[in-house]
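Beneath this line is the structure, given in structure tokens, with notes to follow.
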Amino acid sequence: MKAMVSNASGGYCLNSAMPQPSPMPGMMLVRVEAVALNPYDTKVIEYGIITPEPYVGGCDFAGVVVAAGPGVTRFQPGDPVLSMHTRGGFAEYALAFEDMSCHIPKGMSYNEACSLGLGIGISGLALFQQPGLNLPLQHGQDLSDMTGNGRSNGYTNGHTNGHTNGHSKGEEEQKDPVIVLVAGGASASGTMATQLLKLAGYNPIVTCSPANNSLCESFGASACFDYNSTTCGADIRLHTDNSLAYVVDCVTNVATMTMCYEAIGTQGGTYIALDATANTVKYTRRDVRADWVMANTLLGEPCKLDGVYGRSSAPEHREFASHFFRLAERWLAEGKIRNHPLEIRTGGLESVDAGLQDLRDGVIRGKKLVVPLHVGA
């Protein structure tokens, strides 16, 4: 089969003779219809995260189930599916985990669907698990069994159902929703985090360019702040009456981290990023817990990497993902989650490397890059 594999120059090249994978227990073989491009796909090469060669990139994809491995019960051949993985999507056929996949709802194209999987996984991890913000899901969204039988399996992301930040359900109903800041609200990760926060019962506010205020508000942001303003952090602190305690940073650089630290109230709080945090900022406030999440841990396996990217196995993250993707599937079917604005690239797999270079160069603003592998995806 054809696939885009990493090369020595730090990019991806087409290999037309890659073996077609076979599904292991709990996995499915998917004929890929469309793939989305993410900064992660460049970092795995630039930081030497993946060895040995060849490495097939691609963590966001959608397609049709061709074969189901042993133990798969939710999907069958012919089902349209969206999924996330840490590799393998830049190919004609890819493996998908049953418990990290969603049925594509009627009316959603493969181009739209392929842009959702990684965002659901990484945003869910950043918001509702350790080492992320570990926010309780509210309004009864307790990650109970999503098979439709109405019975809870007892999984509540470590919190008692109906309780939020130490308050009882009765107290919660008398209070305004807890505010959470999403830095980089106009990014694909930002709009997904905003939607998930809103669905979980929180009040998301965001930073973005003023030109993207309407976009962010359409995804559920209650207030937008200009990240270019020198008073952005102070403006947010004023808006939140010096009480902001939760921040997720979808940009993750020194400037945004500094701004987020300025926005967090004097009682302190939690700052979570989607990449390694800068120590130059991290320890400027001892009352702020700063950490970051990475998609690899959603698999529940150790990340055998050098430096800050090395992580031990986190089986609780895999357990969380298996339940959260069920919940996300329901929200998708109900039309409560939608995709970020897309930029469609023609040329099939061979256009992937040029698209990733555009991500590196910062050419893409306010769009998620998608590459359809077949006409009409």
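Cβ coordinates are placed from backbone N, Cα and C, and glycine is handled just like the others.
DSSP assigns Asp275 (NADP(+) binding site) to coil in the three-state reduction, outside any helix or strand. Remark: Asp275 (NADP(+) binding site) has Lys43, Thr252, Trp292, Met294 as non-local neighbours, by Cβ distance under 8 Å and separation of at least 6 in sequence. The feature NADP(+) binding site is assigned by Swiss-Prot to Ala186, Ser187, Ala188, Ser189, Ser209, Pro210, Ala211, Asn212, Tyr227, Leu274, Asp275, with similarity to another entry given as support.
As annotated by Swiss-Prot, compositional bias 'Polar residues' applies to 144-155.
Taken from Swiss-Prot, the feature compositional bias 'Low complexity' covers 156-167.
Annotation comment: Swiss-Prot describes 7-370 as domain 'Enoyl reductase (ER)'.
The region 'Disordered' feature in Swiss-Prot is assigned to 143-173.
Within the same chain, the residues at least 6 positions away from Ser209 (NADP(+) binding site) whose Cβ sits under 8 Å from its Cβ are Ala186, Asp226, Tyr227, Asn228, listed in sequence order. In this record, NADP(+) is bound by Ala186, Ser187, Ala188, Ser189, Ser209, Pro210, Ala211, Asn212, Tyr227, Leu274, Asp275; the longest C-alpha to C-alpha distance in that set is 26 Å.
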